[in-house]
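A.B. asks: Attaching a single structure in structure tokens format; questions to follow.
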Amino acid sequence: MRMSTKRLVILGGGGFRVPLVYGALLSPSSPIGSVVLHDVDPGRLAAIARVLRAQALSSPAAPSIETTTDLTEALTGADFVFSAIRVHGLEGRVIDERVALAEGMLGQETVGAGGISYGLRTVPVADAIARRIKLVAPDAWVINFTNPAGLVTEAMAAHLGDRVIGICDSPSALGRRVVRALGLPDARVSYAGLNHLGWLTGVQHEGADVLPRLLNSSSLLESFEEGRLFGAAKIRELGAVPNEYLHYYYDHAALVKAELAAPETRGEYLLRQQRECYAMLSSQSSPLEAWNAARRQRDATYMAMEGLGERDDAEGGGYEDVALALMLAIARDAPTSLILNVRNQGTLPLLDDDAVVEVPCAVDGSGARPLPGASIPAHGAELVKRLKAAERAVLSAASSGSRSVAVRALASHPLIDSVPVARRLMTGYQANFPELSYLR
Ligand code: G6P
Ligand code: MN
């Protein structure tokens, strides 16, 4: 028997990707002995719990599984809280996309108008959750995957300080692909930015920066996902390897055009696919097979939609592995370094100390601290500052309930081109989201 005693609470426990997290916890090194799934939707909760129970059959030391729709009950006794909620569900993601596209703007779930709308309805919920955690489980470590992850982590940090740590799989996946392309799996990467707005700016190997070796070779660059996404020429022009989400900035007009022409958005596709999947999960005798089939289908669409080749989530290193690595380092007090969303504390001089940034961190039993030496490419500095200003306006709108400040948040986003457009977007979002009625 494994000596795993820690209690992990998963908020958004009825979410489609929860079995990935539970699958990671089946690893013999996992410190987690019990899992509590919390969700506001009892149907989804029951469906996903069935999948987890089927996963557990294959592993004698699998963590126990409980479910509840009561937040206080869920949080009581928690050592770790993993938050992956989606306020207004995938229906909300579709509204984020469609209201923006109707204005000729991007409605991506985390970038542009969609990300601001999603933030405006999520921050009040994340704030309430953070307050409850502080009351009920003040010693718990909180791992935030709820998007927009940087902004939501900053909202929660107002109550939880450095006890909340935001995660994303994209920076570490980029780092892994870059060192593999260079054939230097032990090299260390320099990376910095905000969540979904960061750059890989160097690769340290035997005391030298070997990134130029990559930048000078089109075939090496185009041997991995981000290299193909941006193309070798663009990456050389930028002088750094951008996070995949910078596609929405660097190729903005082309993407808006493509999204407007596409038969369905990412949110519409996922909504359709997941409706079918959850219906199957509650009726089928083999929930794990049904879930696996839906997951394979979802993964295959990355290839079809982006023309990139299959995502390498399948080979490991997805967000569930980042979460597990983080919990392991904390629970076992085993020092490691990971790229995480934490308060800046002087790491990036262009932002204040409380701004949550995404940078390499030293992690051990005392938590995560940003490592010194992170830097943003000069051309990206203004973009980072403008996005942080937009995020700060979201936080301020959420705490004051001011619609004007919410419009300001939209208008300050680097991808929204005017105040009148921002105002119309706000009207469109408020007409569709009861969660935004607090903005007056
Ligand atoms: C990555 C990002 C997440 C994002 C997800 C979207 O994992 O790091 O922040 O939510 O992709 O994937 P989806 O399948 O929902 O489009
Ligand atoms: Mn992410």
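Glycine residues also receive a Cβ, built from the backbone N, Cα and C atoms like all the rest.
Because the structure is a prediction, the values reported are computed rather than measured.
Heads up, here are the entries from TrEMBL:
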{"type": "BINDING", "residues": "ARG93, ASN147", "note": "substrate binding site"}
{"type": "SITE", "residues": "GLU109", "note": "site 'Increases basicity of active site Tyr'"}
{"type": "BINDING", "residues": "CYS168, HIS196", "note": "Mn(2+) binding site"}
{"type": "DOMAIN", "residues": "191-416", "note": "domain 'Glycosyl hydrolase family 4 C-terminal'"}
{"type": "ACT_SITE", "residues": "TYR245", "note": "active site, proton acceptor"}
A.B. asks: Taking only the recorded positions ARG93, GLU109, ASN147, TYR245, which one has a CA atom nearest to the CA atom of HIS196 (Mn(2+) binding site)?
C.D. replies: TYR245
A.B. asks: Compute the C-alpha separation of CYS168 (Mn(2+) binding site) from GLU109 (site 'Increases basicity of active site Tyr'), stating it in Å without decimals.
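C.D. replies: Computed Cα spacing between CYS168 (Mn(2+) binding site) and GLU109 (site 'Increases basicity of active site Tyr') is 14 Å.
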A.B. asks: Measuring Cα to Cα, how many Å separate GLU109 (site 'Increases basicity of active site Tyr') from the residue listed as 'active site, proton acceptor'?
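C.D. replies: Cα of GLU109 (site 'Increases basicity of active site Tyr') to Cα of the residue listed as 'active site, proton acceptor' measures 11 Å after rounding.
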A.B. asks: Output: those recorded positions from ARG93, ASN147, CYS168, HIS196, TYR245 whose CB lies less than 6 Å from an atom of ligand 1, in sequence order; none if no residue fits.
C.D. replies: ASN147, CYS168
A.B. asks: Work out how many Å separate ASN147 (substrate binding site) and the residue listed as 'active site, proton acceptor' at their Cα atoms, rounded off.
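C.D. replies: That separation, Cα to Cα, works out to 13 Å.
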A.B. asks: In this predicted model, what is the average pLDDT of the domain 'Glycosyl hydrolase family 4 C-terminal' (191-416)?
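C.D. replies: Per the prediction, mean pLDDT sits at 93 for the domain 'Glycosyl hydrolase family 4 C-terminal' (191-416).
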A.B. asks: Excluding near sequence neighbours, so keeping only residues 6 or more apart in the same chain, what lies with its CB under 8 A of the residue listed as 'active site, proton acceptor'?
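C.D. replies: Listed in sequence order, they are THR110, VAL111, SER170, HIS196, LEU197.
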